[in-house]
Amino acid sequence: MSTARSFSDRVVNFVSWNVKSLNHPVKRKKVITHLQRLRTDIAFLQETHLRTSDHLRIKSGWVGQIYHSKFNSKARGTAILISKTLPFIATTVDEDPAGRFVVVVGHLYGFPLILANVYAPNWDDHSFFTNVFARLPNMATHNIILGGDLNCS
């Protein structure tokens, strides 16, 4: 008897949230608690403003995988949080050194999947989006879920 579930049998809850800094421990805790209350499976967070060492603090509250790009403690930063209840297997991670996006390529329920979280500049910058899409793997062979703060109006 097989207990494997197909992707179509499972609802996956996504949240995309510009958190405007997670530097304060109380705010970090509130954000993680809120994501848990929402039963979030995959969260795309923007403007985390966290350094590498600070992302370890999120790990203490979030049970699952965390992928992030960082810039500095005062600006930018993106993170993708994946619940431990999802059988997501990451194969590659692309972290933007400017803290504007993080792309995780892997498999979920056997399906090839690209998770991309983008925090776009708040001005019209076509080269930014050209760069992001150029760094994505072949979208003809992968499903893609793109979230974030695209700063489009």
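Note that Cβ sites are derived from N, Cα and C of the backbone, with glycine treated the same way.
Where the annotation comes from TrEMBL, it is an automatic prediction and has not been curated.
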Given TrEMBL lists GLU47, ASP149, ASN151 for Mg(2+), the same-site residue among ASN18, ASN23, ASN72:
ASN18
Using the Cβ center of ASN18, GLU47, ASP149, ASN151 as the Mg(2+) site position, which other residues in that chain lie within 8 Å, going by their Cβ?
LYS20, GLN46, TYR119, ALA120, ASN122, GLY148
Tell me the residue counts in helix, strand and coil for the domain 'Endonuclease/exonuclease/phosphatase' (15-152), as DSSP assigns them.
32 helix, 55 strand, 51 coil
Neighbourhood of GLU47 (Mg(2+) binding site), C-beta criterion under 8 angstroms, separation at least six:
ASN18, VAL19, LYS20, SER21, ALA75, ARG76, GLY77, TYR119, ASP149
